[in-house]
Amino acid sequence: MHNLVILGASGSIGQSTLKVLRHNPGRWQVLALTAARSVEAMLRDCLEFSPRFAVMVDEAAASELAAQLKTHGSATRVMAGPAALCEVAAHPDAHSVMAAIVGAAGLAPTMAAVRAGKRILLANKEALVMSGAFFMEAVREHGAELLPIDSEHNAIFQCLPEAIQRQPGFCDLAGAGISKILLTGSGGPFRYTDIGELAHVTPAQAIAHPNWSMGAKISVDSATMINKGLEYIEARWLFNAAPEQIQVVIHPQSVIHSMVQYKDGSVLAQLGNPDMCTPIAHALAYPARVESGVEPLDFFSVGEFSFIRPDYERYPCLQLAMHACQQGQAATTALNAANEEAVAAFLAERIGFMDIARVNEATMLALGGTAAGSLDDLIALDGAARARAHNLIEELS
């Protein structure tokens, strides 16, 4: 039986992963589930999937979960704290680790799984945005296997030659006959909104994505299109791509999840209904194919595909991320940290929608040139960028 650890089990990706498992009973054994503090969801899922371990980052939540599991006669062992995340991610009995903790908090346990040589199902894009070169070097050094979960990167992965699939991050795209990666995005809920109205966007409007069901933070990131910018940075590291080998294309229907253009003029694309269960099922079973529970694509109901060039006045965060990628690792780390803080402030109605870009840009300009020669340096830079962003948010509040 293939043992699976799900980091971030109560989140959108974690719940979609459990959906795929339900469609494939007996194929995977859940070794561990983790969450921050969602006791109710973890209790339900622990009783259904009977993991050996359950980790709650919050100690009070861990105590509550342990007490409730005990009343149900569950044998699941409850652990607490960030160190426990790393412990289960690197557990000797774990075969695959779904890295689905949102944000910088997911870096340490994901890196622990990498250093233990696990098969990493990477849904935490911040791990690469924050620590790209260090992360990929650890993958190579420890013989870990990396499979992308983001729908776009999973689509690109599926469109690449098998030889490149076996060595992502260290491949030669041009040598394999590839001229360009085409990274698609819906453009979010405001692609047709008058630019002058964007300053008045509310959190409720920003999280109402037209195509995908996602968590609040990633929904706001989609609305600003920094999500696509972070994916641009992620693609740079995942596929060893130069900035000029990646092009962002707005595709409102969210049916073509990304494409790869070859030198002979061919373009390979991966299509499907916009449901994260598809890339999750692909990565879980790779190189096999299993049921995902997603309805087959009905081309007649889709009707047509359209493509739009990004407007950087509408999406300044996208342009910031592309510039950060060209500038280097410190810039992408600072941008990611600032964005997490800015989005949290926007969701708390402390700053406006367009203030997110202002906080991001000012933080990146201040700290993007910082020297960072180690992972510890990047973690320190992440903290400094958050402090800088906090100060900017206070000024805007």
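Glycine too: its Cβ is placed from the backbone N, Cα and C atoms.
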>> Of the residues Gly188, Gly196, Gly215, Gly229, only one is listed by Swiss-Prot in the NADPH site with Ser10, Gly11, Ser12, Ile13, Ala36, Arg37, Asn124, Glu126. Which is it?
In response: Gly215
> Among Glu59, Glu64, Glu231, which residue does Swiss-Prot annotate as binding Mn(2+) together with Asp150, Glu152?
Replying inline: Glu231
> So which other residues, same chain and not among Asp150, Glu152, Glu231, have a Cβ within 8 Å of the centroid of the Cβ atoms at the Mn(2+) site?
Replying inline: Lys125, Pro148, Ser151, His153, Asn154, Ile156, Leu183, Asn227, Lys228, Glu234, Ala235, Ser258
>> Between the Cα atoms of Glu152 (1-deoxy-D-xylulose 5-phosphate binding site) and Ala36 (NADPH binding site), what distance do you get, rounded to the nearest Å?
In response: 27
> Once near-sequence residues are set aside, which residues in the chain of Glu231 (1-deoxy-D-xylulose 5-phosphate binding site), 6 or more away, have Cβ atoms under 8 Å from its Cβ?
Replying inline: Lys125, Asp150, Glu152, His153, Leu183, Gly185
>> Just to verify: the residue among Ser12, Asn124, Asn227 with the fewest other Cβ atoms within 10 Å, which of the binding-site residues is it?
In response: Ser12
